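Heads up, the thing below is written out as structure tokens.
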Amino acid sequence: MLHIADKTFDSHLFTGTGKFASSQLMVESIRASGSQLVTLAMKRVDLRQHNDAILEPLIAAGVTLLPNTSGAKTAEEAIFAAHLAREALGTNWLKLEIHPDARWLLPDPIETLKAAETLVQQGFVVLPYCGADPVLCKRLEEVGCAAVMPLGAPIGSNQGLETRAMLEIIIQQATVPVVVDAGIGVPSHAAQALEMGANAVLVNTAIAVADDPVNMAKAFRLAVEAGLLARQAGPGSRSHFAHATSPLTEFLEASA
């Protein structure tokens with residue numbers, strides 16, 4: 001079970017809603033993934049109508065919605081978007097995203113910390129998308145964020161855990177859940193994140209752009225379950241030397 005703020009989730013896989021060929025395919029993939037927390041960009045939905053093509057099927061699916069502030073370039077813009085989302089969707093949960101450069105979509109650490117502190121004070125449950133910076137993640141935790149969401153690689157790049165060394169430090173020092181977000185490209189990346197101690201992963205592009213998104217979503221579900229189970233089972237330690245799994249000479253000596 002995964003506990004974040006006032007909610008509990010059975011699944012350690014969070015999913016997004018972008019880049020799918022259709023709303024139907026999006027919903028089928030989310031169901032196949034087993035995900036119970038789904039992000040959606042406020043700029044992509046009509047907040048005035050719950051029969052929006054993206055919003056309506058998500059509400060019907062019964063998942064927890066995590067609106068994000070993707071598109072915001074400053075703390076002020078993100079705070080404004082957060083209040084719109086809370087008013088329209090009736091949730092104080094928020095994925096905080098601030099990336100001023102559309103080419104790289106890297107999170108702005110200064111604006112993110114500033115917005116996070118304000119939003120927490122205003123009663124939001126803040127899950128910030130941030131760089132894999134252990135110092136920043138600790139500061140975000142200290143201002144009251146319910147979890148931290150450091151990137152594995154740039155958004156949509158499918159490069160995997162390029163920031164692994166920093167992620168390990170973040171995980172080791174965190175007292176709130178760590179959700180690896182962005183860059184996860186194949187199920188094995190997700191399994192590795194859970195094995196190394198992450199509490200969850202958020203996957204969007206890798207599922208949405210696959211030739212078969214529904215089966216890819218299933219693969220990610222199984223990978224996350226496997227990674228979590230492997231961590232709980234306690235992997236053996238690594239070694240630079242070979243260690244025989246059975247005696248090498250006893251049977252020869254016995255037959256001599």
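Numbering starts at 1 and runs along the chain as it is shown here.
Even glycines carry a Cβ here, placed using N, Cα and C.
Classification of Lys95 (active site, schiff-base intermediate with DXP) by DSSP places it within a strand. For Lys95 (active site, schiff-base intermediate with DXP), the Cβ neighbour count at a 10 Å cut-off comes to 27, with all displayed protein chains included. Under the heading active site, schiff-base intermediate with DXP, Swiss-Prot lists Lys95.
Gly183 (1-deoxy-D-xylulose 5-phosphate binding site) carries neither a helix nor a strand DSSP state and counts as coil. According to Swiss-Prot, the 1-deoxy-D-xylulose 5-phosphate binding site annotation covers Gly156, Ala182, Gly183, Asn204, Thr205, on the basis of sequence analysis.
For Gly156 (1-deoxy-D-xylulose 5-phosphate binding site), the same-chain residues lying six or more positions away in sequence with a CB closer than 8 A to its CB are Lys19, Leu105, Ala182, Asn204, Thr205. Compute the center of the Cβ atoms of Gly156, Ala182, Gly183, Asn204, Thr205, which mark the site for 1-deoxy-D-xylulose 5-phosphate; besides them, the chain residues with Cβ within 8 Å of that center are Gly16, Ala153, Pro154, Ile155, Ser157, Asn158, Asp181, Ile184, Gly185, Val203, Ala206.
The 10 Å shell around the Cβ of Ala182 (1-deoxy-D-xylulose 5-phosphate binding site) contains 28 further Cβ atoms across the protein chains shown.
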